Amino acid sequence: MQKKLEQILMPFAIKLGNNVVLRSLRDGFLIITPLIIVTSIFLLIGNFPIPGWAEFWSHILGPDWTEWFSAVSNSVFSFTGLLACFGISYAYGKNRGLQAIHSSAVAIISFLILTPTVVTVGKQSIGAVQTMYLGPNGIFLGIFIALVSVEIYRFAINRNWRIKMPEGVPPAVSESFDALLPSGLVVLVFFLIRIGFSLSSFETAYNFIYTMLQAPLKGAGNSLPSVLLYNFIAMLLWCFGINGPTITNSVWSPIFFVLTQDNLTAFQNHLPLPHIYTQQFIDIFTTYGGGGSTLSLLIVMLTVCKSKRVKELGKLAIVPGIFGINEPIIFGLPVVLNPIIAIPFIIVPVLNTLISGLVFSIGLVPYTNGVMLPWTTPPIISGWLSTGSWTGSVLQLFELILGVLIYYPFIKMMDRQYLAEETEAAQLADVDINFDEV
Amino acid sequence: MKVIVLLDQMQAGLGGKEKANTPLGGKKLAMGAADTYDKVLKKNGSEVMGTFYCGTDYYQGNKAEVQRKVTKMCEKMQADVVIAGPTYDYPEFATMACELADQLQKETAIPVVVSIAIEKNQTLIEDYQKLLTIVKMPKKGGTGLSDSIDRTIELCQLKVEQADITEFAQQYCY
């Protein structure tokens, strides 16, 4: 059964994992993730979920203090479309064997070519760029431009359309001339694309991509079945030793990214939060202590199990587990290729997803604010910080306990087996190998 | 076939990187990753007779002592074959596995099989591929783990039976 399932899953996982476009999307978002985490902290300080927080600091620091913090958070959150274009073009160029920095440069220029640069204020037109085009609503346009511009650039490079410089010219100069014709081709194509859209009813590429791609994909991704499928596949793959989220993120990450940024923008502007299924929902309300929600498993191992091996591992892995690190248990228990643990390892996160989805839908917990917390933030605290409400922490606690109950019979089965082995070994001889004897 | 498995602290289920100072130890049981081998071995009437573990930092600080004790203990326990790994792409464990396997091969007649991922271990593999039989395996989170476990056991069997491993090595080893 396990072998058969693996035979079906493996080609699918390999295909997704090796697909250069999907890999570049995932890697590209990872490039900008540290910036998002750092600026999120500034955003959180400016909007800390404690009543009277803003007023308290206004008395001390003056009424403009939140602007100091929003200047930092805006530097990333108002430009996520442009940043996504930068990160993805860099990763895609690198994965395609091109000079990554040149790939990024042509992609950014292409993005700017397609961006409207005139704003009408009253009867007057002024030269300006609206952050609306560069922020969350421009993410899919950024992705599209990154891939297309790098592909055109590669087309020219592969055909060796370069200006050859004589020998003796410094490499930096000759590299710059190498990029001249390919960059020119990219610029020409995007020049024509811009003209094409300006003649159509969409007027801009932004309007076209947003209406035709971003809005429908966002709608499809922002649903309970989509998120259930995401977690099911991710956990199933882990059971075969494959890093499941790496595979599933290559498909879902652009959608989650957009949904998260929408909530973040609303949070920043004190507007109602629009979406349930954000990256925070996935990270903070579906798994606790890493993939498989193994913090629940660790609690059972530590409190109920009797086998020395299981108990010891529980003791050693609980602290890292609280902070979301579950490598010791994934490989040490092990979870990989372990059909007994595979069952709760899949059920618990999927059930958590279902419960959290329903709880958020009926409004028992406020939607997540989109603030990206460091992934090591422990549950209970993360539930409160991401929703600004204690009910978020209660939901986490409930699901942690539920996970304990689901993991219990399965780990007990393993525990009994291990205990029997340990007892048998202890009867035969001393189970510990004494290296001092040799 | 009685197998001894050499693991680092992580694969033995004794904690993560923070426990890299775990001294050399062992149990007459299949611990952690050794249990995955044991399940496959038991299907053919074989078993893991012992798991040796050593923290990677401890090994680095006490190389000579660990190598000597592991070699002596493998001989004393009369293992048919020793598996060093699975190391995935953990370079510290991969180094320890190769060095211990090399020592065992030099000092004893016990056959050794190593299982390492190429990622982060390119140079190490280049250094040892002529000296040892190193079965290819995926990096942490990569595809093909189950197959690599099966192949490791298959190679153990071939080595114990003193069969010709040329074809097998060409296909599945570095």
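Just so it is clear, glycine is given a Cβ too, placed from its N, Cα and C backbone atoms.
As recorded in TrEMBL, the features of this protein are as follows:
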DOMAIN    A:5-410  domain 'PTS EIIC type-3'
TRANSMEM  A:29-48  transmembrane segment
TRANSMEM  A:68-93  transmembrane segment
TRANSMEM  A:100-119  transmembrane segment
TRANSMEM  A:139-156  transmembrane segment
TRANSMEM  A:177-197  transmembrane segment
TRANSMEM  A:281-304  transmembrane segment
TRANSMEM  A:316-337  transmembrane segment
TRANSMEM  A:344-367  transmembrane segment
TRANSMEM  A:387-408  transmembrane segment
Given a Cβ distance threshold of under 8 angstroms, which distant residues of the chain, six or more beyond its ends, lie next to the transmembrane segment (A:281-304)?
227, 230-231, 234-235, 238, 244-245, 256, 310-311, 313-315, 317-318, 321-322, 324-326, 329-330, 335, 341, 344-346, 348-349, 352-353, 356-357, 360, 368, 373, 375, 379, 382-383, 386, 392, 395-396, 399-404, 406-408, 411-412, 415
Pairs of Cβ atoms less than 8 Å apart decide it: which stretch in A:29-48, A:177-197, A:316-337, A:344-367 has the most with the transmembrane segment (A:139-156)?
A:177-197
Integer mean pLDDT for the domain 'PTS EIIC type-3' (A:5-410):
89
